[in-house]
Amino acid sequence: MRSFKDNVLRGLLWLAALLTIAILVTIVGYIFYKGIGLISFDFIFGDYSPTGGGGIWPMIVTTIYTIVISLVIATPIGILAAVYLQEYAKQGRLVRMIRFATESLTGIPSIIYGLFGAVFFVTTLKLGMSIIAASLTLTIIILPVIIRTTEESLKTVPRSYREGSLALGNTKLQTLYKVILPSAMPGILAGIILSIGRIVGESAAIFLTAGTVAALPESIFSSARTLTVHSYLVTQEAGDIELAAAIGIVLIVIILILNLLATLLSKILNKADY
Amino acid sequence: MARPPVEKANKRKYMLEKLSGRVFLFCALLSVISLLLIIGFVFFKGINPFVAEGYSFINFLFGDDWVPSEDQFGIFPMIVASIYATIGALIIGVPIGLFTAIFLAEIAPKKVAKIISPAVQLLAGIPSVLYGVFGLAVIVPFLQNNLGLAKGQSLIAVILVLAIMMLPTVVTVSETAIRAVPKSYREGSLALGVSHIGTIFRVVVPAAKSGILTAVVLGMGRAIGETMAVILVAGNSLIVPTSLTDSVRPLTTNIALEMGYAAGVHQEMLFATGIVLFSFILILNFVLAKISAKGGN
């Protein structure tokens with residue numbers, strides 16, 4: 001009787017795993033199957049044409065803009081914040097408050113970020129629906145990711161490194177940028193790559209802050225649409241599944257490359273001999 | 001009397017030390033400032049109609065009609081839709097995800113798990129819009145044809161898309177939790193004559209309970225906050241759903257659909273919708289904090 005029950009449970013475990021794999025393979029397979037026909041040099045690098053048959057180059061440029069701007073702002077802030085939490089702060093109420101805020105930011109859904117961006121960056125700071133408004137909103141979204149991954153990688157730097165450097169007469173600041181940060185660099189880079197993934201995949205927050213103009217942005221103050229927003233709009237407005245899937249392929253390939261890079265970097269981090 | 005240059009250099013060094021500490025603190029405080037700004041602005045905008053313009057908050061929460069042109073703002077159908085969609089997605093997604101995680105951590109050969117686990121992790125990073133595109137292209141027509149619906153966009157379509165979307169999160173987080181259970185637990189149980197499967201379900205899974213609950217809460221957060229994928233498959237009708245095949249409009253969807261053209265009170269009501277959504281998330285975060293505090297003990 002007991003072995004019968006065991007076998008049923010074992011069967012269910014197999015079934016669940018096969019189902020999960022089947023579903024996920026189906027989704028990725030479907031996107032590739034539907035979209036691959038559209039992928040070409042002209043599709044990736046061609047200008048958008050509202051009548052169809054155009055490329056997605058304006059959306060790629062917009063996506064790159066949002067990545068670069070939000071990383072340029074969020075990376076230094078996030079790293080220094082992590083340095084403060086790990087290396088400088090005395091554990092206490094202040095640190096608990098900062099940690100709580102960081103964790104809460106992680107849990108806020110992107111549509112709320114979108115609302116905030118729309119009222120704060122777009123309206124109050126008068127940036128208008130623009131790439132810069134979306135990028136600033138994204139900066140807050142990725143800040144917790146960078147802080148957390150940097151903290152994790154600072155934790156892996158052995159105490160003896162710090163002690164050695166301080167004993168040689170280096171100040172705390174010198175120890176930080178000559179010893180600690182270089183040792184933690186692969187982990188920090190992995191965190192940055194994860195944030196790029198988050199930016200590329202974001203849609204609702206960008207939809208409310210950057211708008212939907214389908215043209216090559218003239219400057220970072222122009223309204224524009226990213227790849228994900230484009231993929232959503234062509235599905236919603238035109239029901240063009242093939243185009244949406246072709247954009248999906250581009251997105252999946254980007255995510256795949258980013259993940260490989262992140263894995264590689266954490267391997268380097270783990271192999272470093274300390 | 002001129003100071004020796006060494007002392008001067010040291011003084012500058014100490015100044016720099018002190019200053020840098022302050023700069024680091026400021027950077028760390030920026031996340032607190034951001035959180036306060038977000039809460040402040042969204043709440044200020046959303047509370048305004050109830051405080052300054054005399055709208056009733058009770059009517060807002062429990063009103064059935066959302067007709068901005070006639071000054072009617074009731075979000076009850078959306079609250080119900082959000083809750084149904086999230087619970088439905090959990091009922092389907094959690095058992096499948098948890099069982100997959102158990103399979104990967106305890107049953108699957110190492111070589112198999114080494115390929116599948118990273119693949120599942122990768123899928124957690126796929127833009128959620130694509131799940132919506134898949135839902136609209138495959139799930140919606142499937143429901144339409146097999147259930148004989150006039151329109152395939154429905155509560156059940158939302159539930160299925162959200163369940164699929166939360167799978168990678170649930171699998172990855174629970175798998176980590178299950179793998180973290182010490183080997184000695186398993187060995188002890190097996191030594192007492194309990195079967196392999198019995199050990200998994202009576203010893204390993206209960207030991208990983210807090211991590212698994214974290215996975216569930218994270219999946220739930222992802223489901224209740226998802227917007228663009230849901231718009232594509234929900235149908236967006238403003239009715240309190242009475243069956244799984246009804247077209248629905250969850251809270252997130254309402255905000256994204258109408259923010260583009262809303263102005264005045266209408267726009268403020270969308271922020272109020274955001275507050276309700278925010279409150280759900282805060283409750284979830286609170287639960288999550290409680291769970292991880294318990295796990296820490």
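Using the three backbone atoms N, Cα and C, a Cβ is placed for every residue, glycine included.
For A:60-262, the entry in TrEMBL reads domain 'ABC transmembrane type-1'.
What TrEMBL records for A:12-33 (among others) is transmembrane segment.
The transmembrane segment annotation in TrEMBL covers A:56-85 (among others). Same-chain residues lying 6 or more positions outside the transmembrane segment (A:56-85) and placing a CB less than 8 Å from one of its CB atoms are 43-48, 95, 98-99, 131-132, 134-136, 138-139, 141-143, 145-148, 150-151, 154, 176, 180-181, 188, 191-192, 195-196, 199-200, 206, 210, 214-217, 220, 224-227, 229-230, 246-247, 250.
Feature annotation from TrEMBL assigns transmembrane segment to A:97-121 (among others).
If you look up TrEMBL, you'll see A:127-147 (among others) marked as transmembrane segment. Tertiary neighbourhood of the transmembrane segment (A:127-147): same-chain residues 62, 65-66, 69-71, 73-75, 77-79, 81-82, 85, 102-103, 105-106, 110, 113-114, 116-117, 121, 188, 191-192, 194-195, 198-199, 202, 205-206, 209-211, 217, 220-224, 226, selected by CB-CB distance under 8 Å and a gap of 6+ residues from either end.
Here TrEMBL flags A:179-200 (among others) as transmembrane segment.
Counting same-chain residues at least six beyond the ends of the transmembrane segment (A:243-265), those with a Cβ under 8 angstroms from any Cβ of the stretch are 28, 30-39, 43-44, 56, 59-60, 186-187, 189-190, 193-194, 196-197, 200-201, 227-228, 230-232, 234-235. Residues annotated as transmembrane segment in TrEMBL: A:243-265 (among others).
Note on the transmembrane segment (A:97-121): residues 81, 85, 89, 127, 132-134, 136-137, 140-141, 143-145, 147-148, 202-209 of its chain, located 6 or more positions outside it, place their CB under 8 angstroms from a CB of the stretch.
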